[in-house]
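J.: Pulled from TrEMBL, these are the listed features:
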- B:90-383: domain 'AB hydrolase-1' (DOMAIN)
- B:S177: active site, nucleophile (ACT_SITE)
- B:R247, B:D379: substrate binding site (BINDING)
- B:D345: active site (ACT_SITE)
- B:H378: active site (ACT_SITE)
There are 2 protein chains.
Amino acid sequence: MVSTPTLPAGSVGHVETRFADLPDPVRLDCGRELGPVRVAYETYGTLSPERDNAILVCHALSGDAHAAGYSRTTPEAGTRDGFGAERRDGAAGRSLGWWDGMIGPGKAFDTDHYFVISTNLLGGCRGTTGPSSVNPATGRPYGSDFPVITVADMVRCERAFLDTLGIERLAAVAGGSLGGMQALEWAVLYPDQVDAVVSIASTHALHPQGVAWNMIAREAITRDPAWQGGHYHGTGRSPDAGMGVARMVGHITYLSAPALADRFDRRLQFTEDIRYTIGEPEFEVESYLRHQADSFVKRFDANTYLYLSRALTYFDLARQHGGGSLTRALAGVSARTLLIAFSSDWLYPPAASQEIEEALRDLGKPVEYHLIEAPYGHDCFLLEEAQQTPIVRRFLADGRARTEKPS
Amino acid sequence: MVSTPTLPAGSVGHVETRFADLPDPVRLDCGRELGPVRVAYETYGTLSPERDNAILVCHALSGDAHAAGYSRTTPEAGTRDGFGAERRDGAAGRSLGWWDGMIGPGKAFDTDHYFVISTNLLGGCRGTTGPSSVNPATGRPYGSDFPVITVADMVRCERAFLDTLGIERLAAVAGGSLGGMQALEWAVLYPDQVDAVVSIASTHALHPQGVAWNMIAREAITRDPAWQGGHYHGTGRSPDAGMGVARMVGHITYLSAPALADRFDRRLQFTEDIRYTIGEPEFEVESYLRHQADSFVKRFDANTYLYLSRALTYFDLARQHGGGSLTRALAGVSARTLLIAFSSDWLYPPAASQEIEEALRDLGKPVEYHLIEAPYGHDCFLLEEAQQTPIVRRFLADGRARTEKPS
């Protein structure tokens, strides 16, 4: 990490994605074992001599290990295009981390205090082993031979990865959306190893409409003939058409209707009057969506989309750990929990965070729930840094105060 | 129309779809002329000697001329499967009209008083000329050579069709969704020929999120290689895969999230535990959506879907008729207007009906707006017959009282 005078204040500077090979296979919920497993990761800040200041940040469906700072590197495995193309800085092809506004000196996850670790999750396509990685049994990419994974599998993989860094306990585990699911799963699977959980714009189980949107996105990919049953690698064809549709569906569910109206209204793309076209974009919102789809398919693997989408629809703390009861599922949690939801988020609506809050409160566990009024929908967790930052900083500072008191 | 003892009370009985050939081509907004044009239609009730009791009912995107009663007929043009497969009555393959709960003796559109006419709209695939009809210039189906049509074009076609029946004035024009758009367009285009408008779950212009959903549905079809640029007829292939995705997207937008949760929750399809599958339906809601998609593609033409979807996103009364002002657009309306919206409809939200109400009220025009509390989303206009019926009956009775008073 090198700091240069051209970097804005609060930046962690230039970073590089690194890779760790897990010593053992990962045992999966589906009954299979997966190995070898490589994990792509980045770190920001400095690990304390006591190794007690590590925060694991978990990304959402389309994220990667590059959470903060500027990167010039491109992880080789599984990517089909430049890293973070949509976030690329104008100057020198530098690409900004997906949660840069939240991670850095003086930011929500303050690298003056914490050693922040970000990994690409299991099943990913940005350096961690996933469906586009080489299957040692065949010498070719797994494709749909990759085992079906769960959020718990991702967390087990993260646990094994932290072992390679010699980190036993986490001061916190944090994430938004699918990342927030991982944070909650950490608190349940490893209650003695997590001091605090920060779960943002997330849920204990996606509601049926969210299940439906994810199913439609997956169908858009698997119905594309270029998907070829999942074995498109090396064929010269890939299901870009279906992936584009999947991304467009996802994109609209990440935004709120008022945010779309504010930004695009019903403005036409090129002329003052309609052009009477069926297939071409006519409204600005149509053109925007097509652009989002085109840039996404260049940087993301379709199978990874399928596997992660399935994992997040399967995620259900009550079913997995509580025999149907969320309270029972959370009974063993010992971490302090911070839940943040956004008023306009209809994909991961505030009600789900409130259900988690109530269950933890019934159990007498320390929990805070904050509802942030913000208009952008689910994407607020990536955009509303100003409102999230003081909440997260104070929550983490409370944790430091507790650990310091006894000494 | 034959009444049999087995029919439920209030049924218009057995009906047959008939066809009318327009004597002249239809002049379209895009500047082209379309001809010959055939219109599929059904009628219920009896036309009065004064010809003053006709009500035109306009259907939505996936509807057809078969609005009420039982049909054993299958219109030939453009259909690829049995008529109204989803509404098929268990007995004898009889299929029930899409608005049967609203049309019949004693119902909202009371055939004891009114002569109700329902047509398949221009561009349709259920008997009226559309993209799957034969292009006289080539002897083959139009496909994407069919001209791009607007809601106003549909209304001009309906006007020309009513001329063939010798009907000059309408006691009312009514419809939900895209049908409600046609009703509003009638009031603007032919102010002297419409006594009353009933526009349900509709809008003066679809909001940007609705534009986006429609664009995604169209992209799902046009990205399917089997679409073949719109010329799939006679090739042995059709874009069923993409159409299925389009239908699934549409279907979710027609329902509310709470309605989906009520009906499906997160119940699994086959077993008590998940089966770790990427491509197969696992949750009941996934299986339901796939079934909806499969049955829809059997009965609907993909190009018709594209053309109607485009027409309803283009529809914008303020842009078309008011230079951007809805009030100016409605200035010439002389019909009484009834607007009904549903609390849970997020695709055609109540706000749009309220905007129409305000514009008409500012102009001093007679208008009623009713917000119905109902949980099913946009599909309420097809499902909430019990709450709509008294509102529509009283509104239409007021009209009869007015016409009877002067005499």
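Quick reminder: no glycine exception, Cβ is built from N, Cα and C everywhere.
Keep in mind the model is a prediction, meaning the values are calculated, not measured.
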J.: Round to the nearest Å and give the CA-to-CA distance linking B:D345 (active site) with B:R247 (substrate binding site).
T.: 18
J.: To the nearest whole angstrom, what is the C-alpha distance linking B:H378 (active site) and B:R247 (substrate binding site)?
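T.: One finds 15 Å between the Cα atoms of these residues.
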J.: Quick one: pull the CA-CA distance for B:D379 (substrate binding site) versus the residue listed as 'active site, nucleophile', whole Å only.
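T.: Taking the Cα atoms only, B:D379 (substrate binding site) lies 9 Å from the residue listed as 'active site, nucleophile'.
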J.: Given the recorded positions B:D345, B:D379, which one is most crowded in terms of C-beta atoms within 10 angstroms?
T.: B:D345
J.: If one measures from the C-alpha of B:R247 (substrate binding site) to the C-alpha of the residue listed as 'active site, nucleophile', what distance in angstrom results, rounded to a whole number?
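T.: The Cα atom of B:R247 (substrate binding site) is 16 Å away from the Cα atom of the residue listed as 'active site, nucleophile'.
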J.: Including all protein chains shown, what's the count of other C-beta atoms within 10 A of the C-beta of B:S177 (active site, nucleophile)?
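T.: There are 27 such Cβ atoms around B:S177 (active site, nucleophile).
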J.: Would you mind pulling the DSSP three-state label for B:H378 (active site)?
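T.: DSSP call for B:H378 (active site): helix.
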